[in-house]
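J.: Sharing the record's features from TrEMBL:
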DOMAIN    5-71  domain 'HMA'
DOMAIN    81-147  domain 'HMA'
TRANSMEM  171-190  transmembrane segment
TRANSMEM  228-249  transmembrane segment
TRANSMEM  261-287  transmembrane segment
TRANSMEM  457-479  transmembrane segment
TRANSMEM  500-523  transmembrane segment
Amino acid sequence: TKTISKCYVQVTGMTCASCVANIERNLRREDGIHSILVALMAGKAEVRYNPAVIHPSAIAELIRELGFGATVMENCGEGDGILELVVRGMTCASCIHKIESTLMKTNGVLYCSVALATNKAHIKYDPEIIGPRDVIQVIKDLGFTASLVKKDRSASHLDHKQEIRQWKRSFVVSLVFCIPVMGLMIYMMVMDSQLSDAHAHHNMSSEEMEARHSSMVLEYQLLPGLSVMNFLSFLLCVPVQMFGGWYFYIQAYKALKHKTANMDVLIVLATSIAFAYSFVILLVAMAEKAKVNPVTFFDTPPMLFVFISLGRWLEHVAKGKTSEALARLISLQATEATIVTLGPDNVLLSEEQVDVELVQRGDIVKVIPGGKFPVDGRVIEGHSMVDESLITGEAMPVTKKPGNTVIAGSINQNGALLISATHVGADTTLSQIVKLVEEAQTSKAPIQQFADKLSGYFVPSIVAVSVVTLFAWIIIGFVDFEIVEKYFLGYNKSISAAEVIIRFAFQASITVLCIACPCSLGLA
């Protein structure tokens, strides 16, 4: 018996099925090569050869001569099949030992471990020698029942509908309350500028008197120290802080629990501090029965939440779009296959319906007209037209006769075909495409990794800067009060200098914190 080894060659530069056929055809002719299988999407060739005659490096060289790039892959473990089974009927450790020892003795099984608590078996096998159905049969012969771990075919992990809904809700809530807050703010600004113009000219016309009067309505104190403006802003701010910011609080809490600081932490810090400071200042003003209304930041949280929840909402909509494409791809996969047993002269002896995951390499699969091809394979018998538009985009059906290759997921049109499975499970073209799309989604662009790394340092540094601002202004204020007086316009002359300094320092540091939130880094 001549020994046969197996090697994998990474092949680059293949563009279509004819490249695959070209490589397979030319290499089969060579001495010492027993069989060759090329997977187009994975860019991988699996070659079985006689080591006495030819070496893997020589095989790669042969492929290179055909005009493709080829390198021998070192880790041959890639060819191992991995099987997850649910085994029922085990009662104790001796059952486990029985299953494990029997499987390890079976030719082709490389590794096996069974867990009693979860009823699961994890098996590695060589797909050349043995397949999932054989393994399940071995376990059944021992008197247990075994079935595949059901894969979630619905691709529910790709569904962003719930996140889209929650961010949309968050955005709408914030927007509803933000518009009146912004309205009030702009109105006050316009009125203030009109008033200051009037003061500059010292002659108040009737219109300016009216302007003054209407801005007085907002400045009117319901209780000493509590103006209509501040009261309204407070009322509008509370629901946003509660409902609009709910998800931000959850994310921030999770981040802090893992001792990391992300943008959510910064947003929550800025809005909570702005809200808490404004609330405390109002209480202080009411306690002092202040004549002049304090400067509050109630307009900040709603506006921040509007910007950022809009950003998050758009982000999830975009993610949902790509994931939708992926979910559609996954839905193209057939779920079952009809496996047939052939006698001499290709006479049909029997056929059975099995799960797609149970199809083994070399199985003969029957595909009826209108059926999907469950695996990649080669036609043995029958003539038909096949719609391969899912892979090639070609609208015209392709003729298939014995010897032609077929692609999993494509649709058989008019004749029944018998195919021999060449690529099964995760090796089919469709599975490879799904895997590539998934990897493309999970892998980050270098610039994105850089941005993520930066935002890790960004949050603590912003917090540090705003704390520094706070203390710097307190120190400046106590050393030279006139500077603070120059910048802090319209403060109440009746309160103590120390309080003025602290209020001003807080305003400065909250401003720093809030400005950092809707920055391009955070929104992006």
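Note: Cβ is positioned from N, Cα and C throughout, glycine not excepted.
What you see is a predicted model, and the numbers here were worked out from it, not measured in a lab.
Could you place these features in context, so I can see how deep they sit and what lies close by?
T.: Counting residues of the domain 'HMA' (5-71) by DSSP class, helix then strand then coil, yields 22 helix, 24 strand, 21 coil.
The average per-residue pLDDT of the prediction over the domain 'HMA' (81-147) is 88, rounded to a whole number.
Same-chain residues lying 6 or more positions outside the transmembrane segment (171-190) and placing a CB less than 8 Å from one of its CB atoms are 215, 218, 229, 232-233, 236-237, 239-240, 243-244, 298-299, 302-303, 305-306, 309-310, 312-313.
Long-range contacts of the transmembrane segment (228-249) within the same chain, counting only residues at least 6 positions beyond its ends with a Cβ under 8 Å from a Cβ of the stretch, are 166-167, 170-171, 173-174, 177-178, 180-181, 184, 188, 217-222, 264, 267-268, 271-272, 275, 278-279, 282, 293-294, 296, 298-299, 301-302, 305-306, 308-309.
Proximity of distant same-chain residues to the transmembrane segment (261-287), defined by a Cβ-Cβ separation under 8 Å and at least 6 residues beyond the stretch ends, is recorded for 223-226, 230, 233-234, 237, 241, 245, 248-249, 251-252, 255, 293-298, 300-301, 304-305, 308, 455-456, 458-460, 462-463, 503, 506, 510, 513-514, 516-517, 521-522.
Listed as Cβ neighbours of the transmembrane segment (457-479) (distance under 8 Å, sequence separation of 6 or more from its ends, same chain) are residues 261-263, 265-266, 269, 497-498, 500-502, 504-506, 508-510, 512-513, 516, 521.
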J.: When the domain 'HMA' (81-147) is classified with DSSP, how many of its residues are helical, how many are strand and how many are coil?
T.: 23 helix, 24 strand, 20 coil
